[in-house]
Amino acid sequence: MRKFCIYGKGGIGKSTNVGNMAAALAEDGKKVLVVGCDPKADSTRTLMHGKINTVLDTFRDKGPEYMKIEDIVYEGFNGVYCVESGGPEPGVGCAGRGVITAVDMLDRLGVYDQLKPDVVIYDILGDVVCGGFAMPLQKKLAEDVYIVTTCDPMAIYAANNICKGIKRYGNRGKIALGGIIYNGRSVVDEPEIIDKFVEGINSQVMGKVPMSNIITKAELRKQTTIEYAPDSEIANKFRELANSIYENKKTTIPTPLSEQGLDELTESIEELVRRKYE
């Protein structure tokens, strides 16, 4: 069973990548399970053509003793199995705790043993790597982590913070960094910035997803790009990315950038923006 996590800043394109990679891997004949670990519960939206009941909602409505696998596992596009952890009501409780509860419930119900997926993908919010959102790292639920980022300074800052969490648990032999997914959707689209960041943290770029209006059109229809435009160039980019990650054997314990290193990278971005728009 191939298991990996996708982390990244909120709104950076994690779910876009996860949905399309899952669809691509399923298209290739693999049985895929996607576990959304984001309180927005939208990780599987394009696979399911809408939202599904979350583990936490079902937990609150039925109680854990009455829950069944079919209450929380749904089958979406290309036969991809979908689960959403969900979160507390706004202003109440801890979203990270929701991830912990969801992961525990999947274990209790024997989801992995019964479904026997070939691939499990965890889609995890990475703005703050607290105890809940770091659960897949702590419990070694996955073999490696992939971080989605753009050239935006705050996205890189979040990616660097995630690397700190991976380093903490990686040094205990629990997890490793597989690489960076470059989402080319920020104002500054400069691969050299990401190359510099990747070199600094001792990792690799797994692939670049360029900006495309096809992705936007697909998501407005609540579809993956693989479903909406299967023969498009951007769909093939997602297929290449999915295969690259599935086959990847090269992992590292990252070396997060220091504050000074981040400042220097930010200055490089500012210089590129100035040159581009002045």
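We number each residue from 1, going along the chain as drawn.
Backbone N, Cα and C atoms are what each Cβ position is placed from, and that goes for glycine too.
As recorded in Swiss-Prot:
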type: BINDING; residues: GLY8, LYS9, GLY10, GLY11, ILE12, GLY13, LYS14, SER15; note: ATP binding site
type: BINDING; residues: CYS94, CYS130; note: [4Fe-4S] cluster binding site
type: MOD_RES; residues: ARG97; note: ADP-ribosylarginine
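Ranking the recorded positions LYS14, ARG97 by the number of CB atoms within 10 A of their own CB puts LYS14 at the top.
Listed binding-site residues: GLY8, GLY10, GLY11; maximum Cβ neighbour count within 10 Å falls on GLY8. Under 8 Å, Cβ to Cβ, and six or more positions away along its own chain, GLY13 (ATP binding site) finds VAL148, THR150, ASN183, ARG185, VAL209. The ATP site, placed at the center of the C-beta atoms of GLY8, LYS9, GLY10, GLY11, ILE12, GLY13, LYS14, SER15, has further neighbours from the same chain whose C-beta lies within 8 angstroms: LEU125, GLY126, VAL148. Counting only the Cα atoms, the space from ILE12 (ATP binding site) to ARG97 (ADP-ribosylarginine) is about 22 angstrom. Looking at the residue listed as 'ADP-ribosylarginine' and GLY8 (ATP binding site), their Cα atoms lie 18 Å from each other. GLY8 (ATP binding site) falls within a strand segment according to DSSP.
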